[in-house]
Structure formats: structure tokens, C-alpha cells
2 protein chains.
Amino acid sequence: MANVEKYFKLVDQSQQQFIETLREVVAIPSVSGDASKRSEVVRMGEWLQARWEALGAVCKRVEPGKQNLEGTELDLPPIILGQYGNDPTKKTVLVYGHYDVQPALLSDGWETDPFTLVEKPDGRLVGRGSTDDKGPVLGWLLCAETHKQAGLELPVNLKFCFEGMEESGSEGLDQVIVDEADKWFRGTDVVCISDNYWLGTNKPCLTHGLRGVSYFHLQVEGPGADLHSGVFGGTVHEPMVDLVHLLSKLVDSKGHIQVPGIYDQVMPVTEEEEKTYEGLEFSHEALARDLKNDIIIHKEERDTLKHRWRFPTLSIHGVEGAFHSSGDKTVIPAKVRGKFSLRTVPNMEPAKVSELVTKYLNDEFAKLNSKNTMRVIETHGGRWWYSSPNHPNFMAGAAATEKVYGVKPDLTREGGSIPVTLTFEEALGVNVLLLPMGAADDGAHSINEKLDKRNFIQGIKLLGCYLYEVAQTDLTAV
Amino acid sequence: MANVEKYFKLVDQSQQQFIETLREVVAIPSVSGDASKRSEVVRMGEWLQARWEALGAVCKRVEPGKQNLEGTELDLPPIILGQYGNDPTKKTVLVYGHYDVQPALLSDGWETDPFTLVEKPDGRLVGRGSTDDKGPVLGWLLCAETHKQAGLELPVNLKFCFEGMEESGSEGLDQVIVDEADKWFRGTDVVCISDNYWLGTNKPCLTHGLRGVSYFHLQVEGPGADLHSGVFGGTVHEPMVDLVHLLSKLVDSKGHIQVPGIYDQVMPVTEEEEKTYEGLEFSHEALARDLKNDIIIHKEERDTLKHRWRFPTLSIHGVEGAFHSSGDKTVIPAKVRGKFSLRTVPNMEPAKVSELVTKYLNDEFAKLNSKNTMRVIETHGGRWWYSSPNHPNFMAGAAATEKVYGVKPDLTREGGSIPVTLTFEEALGVNVLLLPMGAADDGAHSINEKLDKRNFIQGIKLLGCYLYEVAQTDLTAV
């Protein structure tokens, strides 16, 4: 493994240059959720394509179609597909990342301009997109560039898929993956995605499970238009009153879901699984510090993790159609939509979840004897993802982590959803590994988003080392 | 009473000219709630002042101070005080109205541009402010102008107080009324306000009662910032979950308030009062038509009126701080404020209402065993107003109504609040009459606001005739 050691050395020598490259891409405000920034998103995609092509990669710019954003019809940003190396004797690794970012304004509370990367004395590289997901996307590029500069070949063929809509629902992506499964993605042996985070701030991890999400709108409709509460209060059935009654029936203050039958589909915790919670880098003390307030429901750390990873949960997000500004308004809203979602786990089926939720709410609404009309609308039903951490792809990730960080990675699941994981697994029929670069406190969607310099530099090593490990792993030994 | 008949005749002859004047003022978009329209509000106030001064009135432009609107510091629109006639042998009537209007956009669903008055074949004069409150405010002016043109003297001295902030909480007004009670308003015998509506669409009314309003913010606060429901759902106490539980405890689907003790303060319905509900122009059929949906709680019309006029009610208006846009967002809001208000009636005391509501919510929150923090904030506690309909001021209003419309007016109360009523009564120590010009279906705060031509023209007669009736009434015969 002389090559990987040479690679590590070169990465260490290039740290400042890598940070400059990160500064260059953070400066492109590729906010996919802001129509006025669409050209910057496209510019970021083109930057990536040009850089890979300069290296000798073959790229294909896929235009996934149109979208309607804030009333404007826009072209979706391109999905940049690439192929770097095409040696039939080597394995082929497909990597995914996204080059768009969350919105960010100095006035949101950022300490410095969000699109100017600032290197802090404590090692934080602060800037929008630093950790989500420009750092990891650069990781693959800088790995390939470093190899080329050193006259080293990559140990595998690399394919990539970089999208510019991840922060806005990955519109257009699934269809492209399905369409290209037997074309551009043909021959892929394994997939690696670096777009999530460590469980804590010190110990690296591999992620092998994600929860699904079923999102609902609970609509209650009464009069033809908003009413004045002085005139109509107490004389008509108020949609908002019915709505809060129904929402209060969904989940108790301790997070226990009240919908009958929901827990019946949940896989029981096995003894073997119970053991995997030992020694994880996770403490309530650190969590309460992150939350700025100890509002943790559970007594034991492992129970918190179980409720994050492997039990279903129900959250209430808000209400559309009601008064939502500051100040006072004496309105009776005519039509309101409560928004809530369930996070789902093995072996829950979205269709069954929807059926149980709808039936329960219909029953509860009937009890109210209201003359308003109620409707449950499921707007999204995405499945959970679960992969065995014993797959050789995960072994390769674990071995690379040990080489770079000198520690066995935690095996984690995540409470959120990364839908593309399941799409790749199902469309390509290969194993997908989630190999995070950033730490738990990076603040991906928050103000002052950062990537620690340590995680960036070691992360570039990790992604490269993972390719070496895949190269020498027997992927058929499942 | 030759003069009043001459006046009526002139009004009939001037109909088209009056409509043109209404068109002129509707065209000034004096939206007090929109910072960008502040200069139009001021322009409207100046229009009124100029027109009254041209007539010979003495005016005083009061600048009530500054306000903060949408982050901008703005001058409050002027309050135009006036004195027209100063004959010590005549009585003095103070009239109040407002020259600002609610916001209106064509895109809200207006059939025509809201700031262009359209005269419909069915007699509707459609335009923002037509009925609320530019029609009535013009009524007083056109009455005085008509008299002057005809060489007639008004039978009373007129004082007026026209404000430009009524649709935005009348900021600054109360202090001006208190300050001027012994100055500009000195010598006022009675007050007349024309800023409310008939109970139905055919029969005029006098209004002698208003409900008070106590407005509350119920705040629940948890983490230091919004959280991702994928990561934190089911592991922390969610403020929004606690909030919907608490809101659901306030009132049932039938409008019955659940706060213990609230109904103890309510004056019982007397047999005499029970009789006053006979023969009022009010039907559930018409109400359901207005509402576009029969969501009426009560079986009997009189019960609906009692719950509008003389029982307390509780409405839930919305939630600040939660997700409120269209679409899906998987957020756990960190800090949410439920907004609700109670309409209060004789003999409820705002302080007692606040005490009962706060205690109840604290007790209910304690039952939730949540680690979040909860706070009840009373943002407004305005008292109800009740006046005897047997006061000579009301007798004058009733006599004028019979002369103009040929029918005894309904004696009504209103479910809403017109706080200035109580302020005038308390600051000046004189009787206040609410004498509406518009009808129940005018849609004051809605799209396609209108004033029927009949109500406008007869209303101008009514306001004038009322002055003649006051002139010959013994106001001391209380």
C-alpha cells in the first residue's frame, strides 16, 4: 500500500491549497431554493464539470427538466454524471453528492458573510455548504487531482453523480437514476454517499440505516372565507378549533404516537442489536448542550438513539392558512391545514401507515360532531432504508476509517431520510455505503455552518483510502 | 321641519355627484397596515381636512407620534379634529369616523380593481373602503356641504374626529381623545359613530352594546433553535405538540369555553331581554348563505344572536413561529405562540378573565409533564360596552331612522369591539350612539367590499336627520 501512504502525505502537504479550493466553491451561492440564485447553482455545476474534465473525466450534463419556483418556471440545475477511469480489471465505485446549498443570509445571525469561507483559529472552516455538501464533493475531486499530480492511478474506476437540487427535494433526480441505471451507471459495483454526519464530534462512523417519512396535511374547512371572531366567534364551528383537537390526538407530550396499530409493524429490538448501542459516542450532556436546553424525553442515552433510529415518531410542523404573523389578529381562519409527519422504520409500510392515520383521524373527527369538513392528505410516503453493516462495502469503509483515524467507526443509523440512498440501491441493485466527512455539530442547515479542518483533510484521505479498500475487497463475499 | 325635507330633496338630486365623490376617495388607497401606502393615508386625511376647511370648518391636524411597522419607523397618520359651527344656543354633536382602509389586492379575488369604485346594475357601489368607513365619513361631509349649498344652517354644532389608523389598532387615538376631552371636545353633548352594520340587509338598526376582547399569546419554548424532525422527532419535548394539547383544552367543538369560572361572571338573560330578540331581521338561512356553508352551531336564531352579543366566546386564530407556508417542511419549531382571544360581555372583568385563563393553562401544562417552558401573555384586554337604548340620543337615532326608512330600527348589540366607543364615553362622560350606514353583507374586510347605493344615499339623509332630531331632543331626560 505504498500508493495510499504517498497519497496521505500529499494530502497533508496540500492542506492550504485544498482550503483555498473550498473557499472558491463556497463563494458560489448555489442556493437551489432561491429562484434568483438559479444561475449560481448552474455555475457551480459547470465549475465541477470543467474541473473533472480538465482531469480527463468523461462527463455528461443531464438537464432534468423544468420546475415551478415561487411562480417562476425555471430550468432545473444540471445533474453532472461522470466517469473517471474505465479499466475493466478494476472495480467501479459510484459516488454521489450535491453541489447546491441551503439559503443563508448574514441577517439570519451568521457571524461572518456566509459565502466567504473563514478559517477560525479553532480549526473551523465556516461557510455555507462547507460541510453540506461541498466539502465532501470536493473530497472526491481533490482525491483524483492529487493522484494525477503525483502520477498515481486511482485503484478503482470512479463514476459520479452530482446534483444541484438536493436542498429542494432532489427534483428530477430519481428519474435520471432509473433512466441511467443500465446506461451510465452500468457496471457499478458499489455506491458511496458522503452527505451525512458523525454521531458526535470525535468519533467517525458508518451509517447503515435511515428512517422513512410519511408526511400528512390535515385539512379542516368551514366557511367560504375567513371570518371576524367578534361577529362569528361562538356561533360557528371553527376549523382551527377542530384542527387543534385533532392534532392533540396524534401524539402525547412524551412522543408516544396515539394512532392505533402504528407500533404493531415495528421490528422488535433483538439482543444482538441491543449490544450495538454500547460504546457509541453519544451523551445526553452533549445533546442538551447542542439543544441549548435539556428537553430530552428519555432517561437513557440508548433510548434516545432508539427513538431517533429505530422507532417511529410523529412531529407536528405547523399550520397553513391560520394567522401566523406577529401581533394580534381576530380572524377565524376559513380553511386550515395542520402539517405533521411520521418517521418510519422497518418493517412499516407507507400504505399501511397512511391507512391507519387516515382511519384514526376520521374516527376522531366524527366524535367532534362538527359541521366542518375534514380531509387527510398524504403528500409524501418515503420508505426507510436499512443495510447490513457486515457487507464488504461497509468493511471497506470501516478499514479505511481505522487507517485514517486509528479507531473503529461507530455503526450508526440516522433518524432522517436520504431518499437517494434507497433509489440507488433499488435501481442499481448494489450496496450503498453512507460515509460521512463532517461532525454532528457542523450545523448543516443552520447559521455558521462549518466543517472542521481536521474533518476536511482527514476526510479527503478517508474517501481516497476507501477506494483502495474497495479495490482489494471481495465484494461477492456477502 | 321644512329644512330637513329640503335637505332630503337636495340629497336625492345630488345622488350621482355623491357617488362621484365616493369614487374620488375610494381611489386613494389609504391602507394603514401597509408601510408603503402611508403617504396615501396622509393624503386621504389631508383631502378631508381641505374639504371641511373649504366649507368653513376650523380644523386641527394632530400628529399622534411614531409607529414601527414591518421594521420601519413611520409617522402615524394625522388625526383630523374639526369644529363646524359654534353657536352657543345649539347642541354640539361629536362624530367619529376613520379614513384608512383594509389592504386589498385584485389578486385576493376582487372582481374589479379594489381602488376603482364600480357601480353595479344591482346598486352595489363596489370598492375598498366604500362601506368601511369612507361612505359614512363622507356622509357627514356631504350633509354639511349640501346644507351650505342650499343656504341652510346645520341644526347643531358639529365636532369631528377622523382617524387614519382604525384598521391598524387605532394606535395613538386614545391618548388624543383623553388629552382633548377638556379642550377640543369640550362642550360635546352626544357622540355618534357610524362605523358598523345592520344586522341584516333590509332593516336599519341602532347599536347599543359591544363585546370586549381579551387577546392572549400562549407561548411554548423548547430548544434554542428549530430542529430537524428526522434527527430529533421522538427524542425531545416538541413545543408544537405541547401547544396543540393546550389549545385543545380551551374550547370544545361546539364553542363552549372550558376555562373554569368563565361563565360565572356573565349577566343572566332576563325575561325582558328575551323579548328583544323577537322580530329582529336575522335568519339562519341568510347566515348560512353568507357563510357559503351551514356551519352554524345553534338550532335557534336567538341562540346564535346571544352567542354573538351577550355570551363570551373563545376563538383560536393561529400559531406564530411554526411552519406556515404551503408544501412540506420537516421542522420542529423551537418556539411557538398560539393566538387566541375571548370576547367578553357584562359583567366580565378583563383582569379576572386573564387570571382564570392563565391559571387554567398553567394547570393543564403541569399535567403534560413537559420540559419545555410555557408562558401566557395577555396582549390586550378591552372592556365590553353597553348602553341603554332608552337614552334620548338613541331616541333621536330611532326617530331619524323612522323618518328616512319608514320603519322602527332593530335594537342590536354587536359581537365585535369598537374600542373608541368606550373611550369617548369614559373620557367625555356623554352618551355614544352607534348609527350604522351599511348592511350586513357589505363585506367590510373582505374582497368585493360594497356599499349599496340605497344605504349610501338614505344614509346621508339619516345622518343629517339625526342631527335635526338631536337638536330638538331633551338630552337631559335620561
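Backbone N, Cα and C atoms are what each Cβ position is placed from, and that goes for glycine too.
TrEMBL names B:ASP132, B:ASP195 as Mn(2+) 2 ligands; from the candidate set B:HIS98, B:HIS237, B:HIS245, B:HIS256, the record adds B:HIS98 to that same site. Per TrEMBL, the substrate site holds B:ASP195, B:HIS228, B:ARG343, B:SER417, B:HIS445; the candidate it also names there, chosen from B:THR207, B:THR330, B:THR358, B:THR401, is B:THR330.
There are 21 other CB atoms within 10 A of the CB of B:THR330 (substrate binding site), with all protein chains counted. Taking each of the binding-site residues B:ASP132, B:ASP195 in turn and counting other Cβ atoms within 10 Å of its Cβ gives the largest count for B:ASP132.
Take the Cα of B:ASP100 (active site) and measure to each of the binding-site residues B:ASP132, B:SER417, B:HIS445: the nearest one is B:ASP132.
Once Cβ contacts within 10 Å are tallied over all protein chains shown, the recorded positions B:ASP100, B:GLU166, B:GLU167 are led by B:ASP100.
In terms of Cα distance, none of the binding-site residues chosen from B:HIS228, B:SER417, B:HIS445 sits within 10 Å of B:GLU166 (active site, proton acceptor). Contact annotation for chain A: of the listed recorded positions (B:GLU166, B:HIS228, B:THR330), B:HIS228, B:THR330 place their CB atoms under 8 A from a CB atom of that chain. Put simply, B:SER417 (substrate binding site) is 11 Å from B:ASP195 (Mn(2+) 2 binding site) when counted between their Cα atoms. For B:HIS228 (substrate binding site), the Cβ neighbour count at a 10 Å cut-off comes to 16, with all displayed protein chains included. The number of other Cβ atoms within 10 Å of the Cβ belonging to B:HIS98 (Mn(2+) 2 binding site), over all protein chains shown, comes to 30.
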